[in-house]
Number of protein chains: 2
Amino acid sequence: MLNDYQLLRIPGPTPIPPSVQRAMTKPMIGHRDQETKDLLKQIKPKLRKLFGTKEDVAIVAGSGTAGMEAAVVNTVTPGDEVLVLVTGAFGDRFVKICEAYNLHVHRLDYPWGVALRPEEIQEYLLHHPFIKAVFATHCETSTGVLNPIQELAASIKEVTDALFIVDGVSSVGGVEVNMDDWQIDICVTGSQKALMLPPGLVFIAASKNAWNTIEHNQHPRFYLDLRKYRDNQQFDSTPFTPAISLLYGLEQSLQLLDSEGLANVWKRHQLMKQMTRAAFEAHGIPLLTNDTDASPTVTAIQPFNFHPDNVRQLVKKEFGLVLAGGQQQLKGKIFRIGHMGYCTPADILQTISCLELGLAKLGILYNVGIGVNAAQHAYLRGGSP
Amino acid sequence: MLNDYQLLRIPGPTPIPPSVQRAMTKPMIGHRDQETKDLLKQIKPKLRKLFGTKEDVAIVAGSGTAGMEAAVVNTVTPGDEVLVLVTGAFGDRFVKICEAYNLHVHRLDYPWGVALRPEEIQEYLLHHPFIKAVFATHCETSTGVLNPIQELAASIKEVTDALFIVDGVSSVGGVEVNMDDWQIDICVTGSQKALMLPPGLVFIAASKNAWNTIEHNQHPRFYLDLRKYRDNQQFDSTPFTPAISLLYGLEQSLQLLDSEGLANVWKRHQLMKQMTRAAFEAHGIPLLTNDTDASPTVTAIQPFNFHPDNVRQLVKKEFGLVLAGGQQQLKGKIFRIGHMGYCTPADILQTISCLELGLAKLGILYNVGIGVNAAQHAYLRGGSP
């Protein structure tokens, strides 16, 4: 096997475009100098557009979890009632954060692999009028479910003034997110997914409505105090030392998204979803999630006649193809293909054709080729990305 | 289309492995300092192994053509009789160089796409006893032919003391070359092919026999005087300023070849050839070259019912897939897929499945999938690379 060769198809970190990689090698600059201000100024309008909001988007050096925690500590205080919608491992993480801060947590669990149901949640909120915030996951990375966030927002806003807080970590940049129109109050995303960057940055946008709460919220916080980020952002600055090389990369990745056009980016992700699903359907290998619930950024496959980790090991050894396993209750039961960010239909064709060979070598699959062919036909039906 | 995305599948320049790219960004060092000597010392034994020779290999800053010219000006003088074997554009280049130096050139032309015939050449040499050097191309990049260099060397050495000079530009590192055993007198290769580097370096190895001639050859030369390189190399130095960043890259690419193992590298290239050919054969799309004559590093396809440049344009636009066209007399008649260097069977599957979609979109091909499937089966027959 050719060393130094890897096809990274996990749902994040995702591959870095060469121009982003190059941008990140620019020399360090003073984080209080004009160069950094210029960089932040460039980035600001593009981030707003990405989130579909007129508000500024805070850029925090940290992982996605730091952003989720920021969404909690800036909006609620111990004892507050919150509703957390759990459709997988990352919904569960919101529960853990809320519990760590001694909130009164209502949790609504959905079977892993199934999207949440807005009408049920509306019903629940009608019966629990003191809930101050609702937490949901847009794309549940652990299952490949894309929850219907727009419909959910509408359902929630119909019956309550509770803040609607969304983990958009593996959705923003890969699927449409329209914070202002949809009435999302806080949306969080990470750098290492559809934004084509290494891990290390988290982005937090808040609505006007959310800012009212954040402004007066008494919960102790310092590094994750969103007010500090907002106040500094007005002067194209940051409250704490920013991760400069990642900002260089961000400027370039936003440039790439912009030049492709966000609508085209979303279409490309949609097409990659259809191609991936078509391939497994052709083989009769079960997908964890149905078509409607499935995310354009990650697909989970739940085989019944082979252990997913065996094929993952084999394709890594033979082709350098890296796929993700299952998490928590789905460990050993599923494998996941990430198809977001710096990833194209050509990569899906490659992933599927290699996977078929891996399954053939394991003696699991005999009709090699029908999967990649189904993906090809999905491409032809879907048109150019 | 996602910008900054390209699948470079031309027969050189070839993609650069990330670790080689990183190596080339190391800081500059003094070209007369110990650091450069250490670098050259590291590289020396690995280059010998690559060429299959006990002699040192000269590293010259220049393109492949500079290396070909070095092979000429170091071995012959104006008026000398030489035999140039022409199987394509690069054989023709040897003729042009020899003519520029007023040599008495015998040229033997073979139809483009067909390998040369050692027995005919032996016969020719028997009738032309004053020929001092025979020039041949190992892999003829313009046609995807791999000439039978080992057999040719044996045939030549049976009947003459003429030097046997080989252009190994798109062969060395992708297919076996065993200079000493095969009795090749001079072998030249470039950096941008199977060696996984950018263009800019050319490597020239000479046999003990060739050195006898080079030492006493009166042809004027300065930059390309191989004696200067040899004399300096004994002290791990170079006669002129070396291309330092490319040397950093070379050290790493030789490391990669070494850790994969040269025999495995050749096997991988052989497998990529078989996969590529199987795909077009399945579609009944003619290949320029038969199985025996075809090179493991590049495949030329000669369609009869579509213009190759149309599909090349389309797959570049749709998938960022870059293929090569024909050169000179084959311009507009063939297209070429490079499969050497940083390229794996997974890349062939991707190339073929994208090409099928391109041909389908042009209305040329209806049975999409049978090509990639044939490549998959060739992989399964060929075993792991």
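Numbering starts at 1 and runs along the chain as displayed.
Quick reminder: no glycine exception, Cβ is built from N, Cα and C everywhere.
If you look up TrEMBL, you'll see B:R336 marked as substrate binding site. Secondary structure at B:R336 (substrate binding site), as computed by DSSP, is strand. For B:R336 (substrate binding site), the same-chain residues that are 6 or more apart in sequence and have a Cβ closer than 8 Å to its Cβ are B:I10, B:P11, B:T141, B:G144, B:V298, B:T299, B:A300, B:I301, B:L323, B:A324, B:G325, B:G326.
The domain 'Aminotransferase class V' annotation in TrEMBL covers B:28-328. Model confidence over the domain 'Aminotransferase class V' (B:28-328) stands at 97, taken as the mean pLDDT rounded to a whole number.
Taken from TrEMBL, the feature N6-(pyridoxal phosphate)lysine applies to B:K193. There are 28 other Cβ atoms within 10 Å of the Cβ belonging to B:K193 (N6-(pyridoxal phosphate)lysine).
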